[in-house]
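A.B. asks: So Swiss-Prot has the following annotated:
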type: BINDING; residues: 247-254, 293-297, 347-350; note: GTP binding site
type: COMPBIAS; residues: 22-102; note: compositional bias 'Gly residues'
type: COMPBIAS; residues: 103-120; note: compositional bias 'Basic and acidic residues'
type: COMPBIAS; residues: 121-143; note: compositional bias 'Low complexity'
type: REGION; residues: 1-150; note: region 'Disordered'
type: REGION; residues: 247-254; note: region 'G1'
type: REGION; residues: 272-276; note: region 'G2'
type: REGION; residues: 293-296; note: region 'G3'
type: REGION; residues: 347-350; note: region 'G4'
């Protein structure tokens with residue numbers, strides 16, 4: 001007997017062998033029903049839901065009747081006679097509810113009244129019947145052919161749903177969900193999974209995958225030099241030169257830039273080292289010059305190398321009294337590798353033991369022949385302290401710029417390089433970008449490294465708001481979704497959706513690169529652990545005040561890798577050291593380095609409880625020297641900081657002597673007159689010094705405990721505002737063991 005599905009227009013007679021009705025036999029009657037005109041039963045009589053060729057509605061055959069319907073137009077059920085509900089040919093019985101072919105007997109489940117919402121009960125009441133259900137033979141599911149698995153590698157996007165993954169690979173969704181569950185991933189068919197997870201699952205099924213690269217990536221800038229080389233010469237116009245100042249630590253780089261800009265930036269730098277990257281423009285004779293100032297000394301900073309790549313001219317600062325130093329030589333290497341012209345600025349000519357000729361001879365020995373010695377490298381003698389011959393240096397820069405004819409296309413979509421980035425507590429991600437080609441405008445959609453955004457605000461180094469920035473202009477921008485890396489390329493994108501897709505791909509790659517092993521050690525026991533073969537890698541969590549410092553420190557630490565141990569930064573970020581950072585250090589056995597960054601109280605307590613090693617620095621050279629000595633077993637006794645108390649600045653007022661008195665509330669520990677004080681703003685160190693005065697009311701005191709208020713003057717420092725935090729500490733001598 002062939003299986004078939006009965007439509008609403010098919011005859012009940014034709015389907016009799018396949019369908020059993022809820023009614024009875026041939027008699028009329030209620031649930032039973034013979035041939036009489038019963039209710040839900042159903043022969044050929046005029047019933048509604050029954051269903052032959054009568055005029056039924058949804059169920060019917062060829063007639064126009066209600067749902068079901070026999071050949072006559074009657075009510076539900078019905079045989080041939082006109083009887084009322086009940087059996088036989090008269091009112092009543094018949095063969096009863098379970099009789100004949102239709103009753104509640106053994107094949108009740110095959111009744112057409114058992115499907116969906118259309119049901120007929122034994123009392124003769126009917127409900128709307130929309131679909132006729134067939135026998136088990138008819139209900140057999142249709143055979144579905146399994147999806148064909150592709151041959152060869154398949155391309156998968158950065159993220160996809162389980163359903164999309166199933167369709168792409170030909171693996172059933174249920175199998176994929178089971179495999180994900182075994183891998184520890186609880187998902188549903190609409191859940192998003194990333195490429196790494198999909199590739200692992202695909203490999204379990206013997207399927208090779210490759211990452212899909214969108215066609216839009218073809219227009220993505222990876223090298224700015226390629227962008228400039230691709231410009232039509234007819235579209236190029238002159239632009240200001242971009243100058244980077246390089247040189248040995250304390251040779252006066254920031255002092256020189258300070259003299260050029262006539263500001264006091266140099267006074268705030270720790271140990272003579274520029275800790276923040278800056279980008280500034282100055283003007284001479286109506287022409288602009290852009291200066292980049294990068295952190296630390298060239299020996300250990302990647303930003304110096306990046307600066308040489310984005311710069312047109314390098315001013316190499318050499319002190320007339322110190323001469324050429326190791327970091328001077330490494331700066332020369334950066335310049336030569338970048339292939340940019342160099343100008344030597346011999347600084348500190350006002351020093352008593354200054355000897356410019358000796359400096360020129362040392363430079364010649366290093367392969368830098370100045371013009372006075374018959375070479376092609378200009379040299380200018382200056383005094384940043386006395387601001388002597390500064391204009392002469394600027395004129396030399398403009399002369400070199402004229403010889404090299406620096407140009408860009410101001411009408412192209414903007415492309416530039418990030419020189420500094422940080423997370424501002426009130427403004428969000430803030431980045432300084434040097435526009436190198438095109439014009440950057442407000443409301444431009446941009447792709448910056450692994451993040452995206454829309455330019456909402458833009459201003460120059462003087463704080464003036466701008467609507468656009470032309471080539472060689474440094475600007476601070478707001479509107480990014482995350483903090484980019486120093487050295488990332490900014491590119492204007494026509495479609496923000498495409499930019500986000502590309503940023504997502506880059507984030508995935510960064511996660512892969514950041515993966516590290518979970519073994520680490522404290523700095524004190526580093527050499528001993530290396531000798532015993534306990535570790536092969538030193539895990540570091542790095543927190544700094546700005547993004548540019550992170551890049552500089554990362555490059556510095558990368559120079560310290562040896563065959564015995566590799567340094568691996570498992571996490572980096574800007575701002576306060578948090579409890580999350582400490583928890584990561586606990587799990588990965590890492591040490592935490594705070595560069596001008598301090599822990600919050602919760603993080604400090606967590607670190608003390610679990611013995612997490614947190615080191616604080618404000619000079620990159622000291623940081624690298626400590627780790628280098630630890631790795632070779634040459635650590636000497638140190639003075640370790642012991643934090644004794646914290647206080648919150650509630651108010652400030654100025655004395656007639658111009659000193660600022662900070663009104664404090666001691667929140668933790670105690671303050672003692674002999675302690676050192678560190679002023680923190682938003683978790684970042686802005687001053688480290690000594691206590692000049694400590695008072696309660698008008699009386700000098702030696703100590704103030706937690707829960708009390710006091711007045712305090714910081715020696716030689718007045719930039720204190722309400723909301724700042726003060727940390728009080730002492731130093732104790734500690735013998736290091738290896």
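Any Cβ shown, glycine's included, is placed from N, Cα and C.
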A.B. asks: Let's check the environment of residue 247 (GTP binding site): how many other CB atoms sit within 10 Å of its CB?
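C.D. replies: Neighbour count, Cβ to Cβ under the 10 Å cut-off: 25.
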A.B. asks: Go through 250, 253, 349, the listed binding-site residues, and name the one with the sparsest Cβ surroundings, counting other Cβ atoms within 10 Å.
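C.D. replies: With the binding-site residues 250, 253, 349, fewest surrounding Cβ atoms within 10 Å: 250.
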A.B. asks: For the region 'G2' (272-276), report the average pLDDT of the model, please.
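C.D. replies: Per the prediction, mean pLDDT sits at 42 for the region 'G2' (272-276).
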A.B. asks: Could you tell me how many residues in the region 'G4' (347-350) are helical, how many are strand and how many are coil under DSSP?
C.D. replies: 0 helix, 1 strand, 3 coil
A.B. asks: Summarise the region 'G1' (247-254) as counts of helix, strand and coil residues per DSSP.
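C.D. replies: Helix/strand/coil tally for the region 'G1' (247-254): 2 helix, 1 strand, 5 coil.
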